[in-house]
Amino acid sequence: MSVPSSKPIYARTLSGTVPGLFDPSQSERLHHVPGSTITFASFHPLSASSQFDIGNIRNLSLNEELYRPKRIVIETFPGRDGGSFWRFVPRARRDPGVENEGSWPRVIDLCGELVLCHQDQWDIYKLDPEYDCFVPIPPQRTVISRKKGKEKAHTEGSSRPLPNTKRHPPTPSSEEGKPRKKPRPTVTISDSSEDEREPFPVVSSSDDEEDEVEELVAGKNSRDTAPFHTKVHSSRSGPGWRPGRPREHRWKQNSTAPTARTKATDLGSVQDQEMVDLTMIDDEPHRREQAMPSASSSKRKVSQEAGFSTGSSQKHSPSRTPDHMPEQATKRARTRSPGADRRENGGKRAARGKKRIVRLRERATRWNGAWHDSFWTSVMADVPPAFCGLGHSDDKDASTSKESSQEAHWAEANTEMDEEFQRWAAIEESRRKLAELEKDKPLWEEAARKRRAAEVAEERANRAKREAEHRAAEAERLRKEQEAARAEAERKAKEKAQKEQSRRRNQQQHRWAYGPWTTQRALERYKSLCETFDNAKFTTDEPVSFDFIPWPVLRSPAILTVEDIDWAAVETFFNTVKIHMRGQDYKLFVEKSHKRFHPDRWRARGILRSIEDDEVRNCLEVAANTVAQAITPLWREVKSG
């Protein structure tokens, strides 16, 4: 069984807000000024506000389907006073049925390479006009590919003027020598990504979408509880300016004039539905003001602070200029329910859909009529002129009844010809289909034969595969049975050998444990145990024991202990048995005993490794080394003599 690899399926990870990680030329297309930085944020209408009344916000949304994307991109120019600009991040292309772009980070296909992409890098590629971002239906991977036929955008520097724009992005060098001006509020949105390099894109939509946006903005202004403040810049040549009157008097006269609301159509083309300041809705009921129409034709601008009127009794601050006109607080009563605009917009949208269907039907009717006329012209071209003349009367004095009868006759004839043509066309279509079926009959029969042959071959292959699997399973079963029988036989033989060895050990112990103990019996016991000890194989299952080792001492095995095995006992044993043996036999006896107790021989045979008890193993090791050390001088003496 193979172990699954833990190596990731992607080659690299794209994260952060720096463009050009994959394509080095990307920063040239996205930066208006070299050295500028790009950051991303999520738009929320309650930003920088302490109010979180979600219910009021939902009541104010006219149409949630028209919401723009929530992600925005902010470009900050280098320098202390570089400034920054922002716009909405365009949407990616999606398959029908895909509701959103999904969660991030995730593995995507970037020009044929699998990468782990974070949302910031995904937004960067949506901003890049060189790339196409596509979100298919899961489980297919999101794809980023280069646009076909798209030429690479070249930037010639921040000083080059941008097309179709009135204002240019500020640069640090251009603003150092100019006096600061109060920034003018600018609201820009864009739904298309065709011109990604414009700093102030405009709204692009179809006619139906423009109608919906206008209705959306009109509905918003009808429910708005806080009117926008406007400031009127009066012309010096208008009726409100007199050369001889002081500026303070003119300002007081203008302060008593009624306030004017900014029309919704002034902001409908550039203001997005999500840009409405919802933090002031129903904040203070007493600050509701009633909209008053403006009759002034002078130029108006929307106040940057979007302030509210504070009443006619409020005194102007010294910092205000005469161009600012204070407004009197008014209250507008609600004339319709909050959902009326939504229902009205839905009805208008349905009406537009019906109109669209009617237009399509009219277009189809015109096309059918044109085809019918051309067909009728071709048919009537073969009719004799005398028959054709029946439909055209050169007699100007013919009666109206005769013309009506001729028209009815021609209408009936046209109807009959249409029915005949339709019947004839249906018959011809049936004949054509039958001819195609007859033509393709050999192909169907050949495909059926191939399909039957493939089914037979597949059935044979499956049968052979099943038989092979059955034979393999049977062979595996026999092999396991044989292995089990062999293991059982080995186990029984091992148990039998252990029992036989235990029986012999017990027999030897009983043999030498009883009766008078003499030097001759000690020598006989030593020789008998040496023969058994030299031929034995010691393992953890059959470890060596103290009684099984032929210790060269004269003490009886019934009272022999490890402490009795010392240097003097070994020398006494060999000196005593020397008088009972011939010289040559004694020499051979000493040499064999020396080899038998040599530490290297014990280590090679693994005698001590067979003992699991550490204490017993250490005691036997000390005793064996003592015997080997005691026999070594005797072996040297015999060898030299």
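Each Cβ is built from the backbone N, Cα and C atoms, and glycine gets one as well.
In TrEMBL, annotation is done automatically, which means it is predicted and not curated.
Under the heading region 'Disordered', TrEMBL lists 144-358 (among others).
Sequence annotations record features per position, and here TrEMBL assigns compositional bias 'Acidic residues' to 206-215.
According to TrEMBL, the compositional bias 'Polar residues' annotation covers 306-320.
Annotated compositional bias 'Basic and acidic residues' per TrEMBL: 321-330 (among others), in sequence order.
Feature annotation from TrEMBL assigns compositional bias 'Basic residues' to 349-358. Across the compositional bias 'Basic residues' (349-358), DSSP assigns 10 helix, 0 strand, 0 coil.
The compositional bias 'Basic and acidic residues' annotation in TrEMBL covers 392-410 (among others).
Look at TrEMBL and you will find 392-417 (among others) tagged as region 'Disordered'.
Remote same-chain partners of the compositional bias 'Basic and acidic residues' (461-503), defined as residues 6 or more beyond its termini with a Cβ less than 8 Å from a stretch Cβ, comprise 536, 541-542. Per TrEMBL, compositional bias 'Basic and acidic residues' is recorded for 461-503 (among others).
DSSP states for the region 'Disordered' (461-511), grouped as helix (H, G, I), strand (E, B) and coil, give 51 helix, 0 strand, 0 coil. According to TrEMBL, the region 'Disordered' annotation covers 461-511 (among others).
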